[in-house]
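Participant: This is the structure I have questions about; it appears just below.
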């Protein structure tokens, strides 16, 4: 017998993250390191526990090894519970066959039995690739107060950016009357954040109906939400005004990291009332050497820094040798930057070694052709030999 | 020689040498004294035991152990939350006859039911006053091979009288047999000092403790090591790796500062033999636009807007704009106000230093500011 839960969270973490391919060849996107000591999934998981949601299903499919190990029994997020807690839910075989998750809706459909065990009134559906701090409980209260069948969290974005998002068109009471996916001429500036709360009974019925429709693409945005709207269910928009960023691309991943050290961007990791939890590496405090210069950066445990670090995010166990320069860059766990190397506007993957006097990336002002500039990426577990040059915007998958 | 470390019980004395660190141990035991930016002293013997393959550890406490209980919790962080074995905290066992223990023998006697319950064949006793990364396995192997009654871990080196006056010193013959024992002697020069880690068999321990109690003896060092060193076979195990012994406020300062030498830090923080501690979910260290940091050890959760040089900063320390911190040990939650200047200062937990304040003392006697104080 399972204790009833009012609300269960389902976290979609199966995406391949193909646009982050250099960093996700062997790691699911939610397990990509972020913000010096976190991984992307720490944000939704911490939001859940901070919001009082203690039952979370994590739907995994692509390269789950690192992600599964990282989540473990959920203890770092206080999600190791007798009733509830975090459960990793990969696709599985049944008497009638076995299927991969064929879409976001199908992933939840295949786990209806998991949700039903807790007999919840509501289900919150989350993504594993967003950086934000949000109280889902407030959104749930709103969902209840509005007597909604589905509530979609929206962010008011600048008009010129609206065409990059799924846009919700609402009436004066924030009821969703229409929506459009990445419209050329947006009719509204309310962008969907990919965070949904459903009344479970309703969602379950639509998931089953969608599954029976052989033509459907088994996706929340393409099927479930439109189906519910056509059937006249009550869909409302929940306005969120904090910081939120999708980190699905190299550029947005880099930007979101840089946002953490930008004092004008409202995401505070030092607020003890809404901590972001993570599986802490067991490492000594960071050692800042005699020749080091560290400014406007975040650096975490196990690092040995004797070079110069500015406007950068330095993950656990990174070594920056004397004379090396790191500027506007992200060094992922275990990366080593040897003497005299320069890393500028770049992402260096886990355990990758940058040889002496190598040059990775470049500042935008040094490049004449602006289109050829971008953040350079060196993938995980690679070696860049002494004196090598990696051009800006280049993505490196092999040793050079 | 291959030793089954599953056969070894670890016993950590959290309180021994409490008086040597002065005010720092006024409200906490030796074991919960903070060290090296993110650790407490008990983390070292506990981690060493776990890394040596010991999975059953008792922590003997005496008084002021609230902070220790908070730190250890379920001992999950040391991987000692086990169904079989794991960590046991052994506070003084209250009954009419017994009061707070006066020495190691009484402490062991108080923990006797726990000790007897263990199925281990050997016991390692360790205090919390030595910071090192030590593998106990070869020590247990040497103990078994030599057939000694007691094996004492010791280091031979040149010591000043200040170092020796709170130490146990062994005189040994060519075969490392202890021939006599000096306790807190007033000597200096080359000598073999105890690192307060002892190995013996379970049977020997139980018999020795019971016998000593029957005779009203309470001190392991005086009544066993010293008085019986001729009749027992006591051997030393010479330990040459990096260690620092905390036996005075000055040595506390020096031992922390020693970790700024990368060579020393590498010997203490060995990647495959991690030192475990309580996790506190701090954010990474944030360095501000005008921060200037060199030759320092800094733990997570710090926010640095000023200058830091030759210092050890524990978790969650804030250094304000224009502040200058030099040669300091700032413990957890210390807040240094804007433009304050500190030199040779040790601040305990949650101390706050007002803006523009200047505090300087000397390297010989660094100033200590007690827990929670506002200066």
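Residue numbers in this text run from 1 along the chain shown.
Using N, Cα and C of the backbone, Cβ positions are placed for all residues, glycine too.
Since we're looking at a predicted model, the values are computed, not measured.
Per TrEMBL, the feature domain 'Nucleotidyl transferase' maps to A:9-260. The alpha-D-glucose 1-phosphate binding site feature in TrEMBL is assigned to A:101, A:166, A:181, A:182, A:192.
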Participant: Using the residues the record lists for alpha-D-glucose 1-phosphate (A:101, A:166, A:181, A:182, A:192), what whole-number Å value is the largest Cα to Cα distance?
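Facilitator: The alpha-D-glucose 1-phosphate-binding residues span at most 24 Å between Cα atoms.
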Participant: For residue A:182 (alpha-D-glucose 1-phosphate binding site), which DSSP three-state class applies?
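Facilitator: The residue in question, residue A:182 (alpha-D-glucose 1-phosphate binding site), is coil (DSSP, three-state).
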Participant: Let's check the environment of residue A:192 (alpha-D-glucose 1-phosphate binding site): how many other CB atoms sit within 10 Å of its CB?
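Facilitator: Other Cβ atoms within 10 Å of residue A:192 (alpha-D-glucose 1-phosphate binding site): 21.
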Participant: Within its own chain, what residues at least 6 apart in sequence put their Cβ under 8 Å from the Cβ of residue A:181 (alpha-D-glucose 1-phosphate binding site), listed in sequence order?
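Facilitator: Residue A:181 (alpha-D-glucose 1-phosphate binding site) has long-range Cβ partners A:166, A:167, A:221.
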Participant: I want to check the contact list for residue A:182 (alpha-D-glucose 1-phosphate binding site): same chain, sequence separation of six or more, C-beta distance under 8 angstroms. What comes out?
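Facilitator: Sequence-distant Cβ neighbours: A:163, A:164, A:165, A:166.
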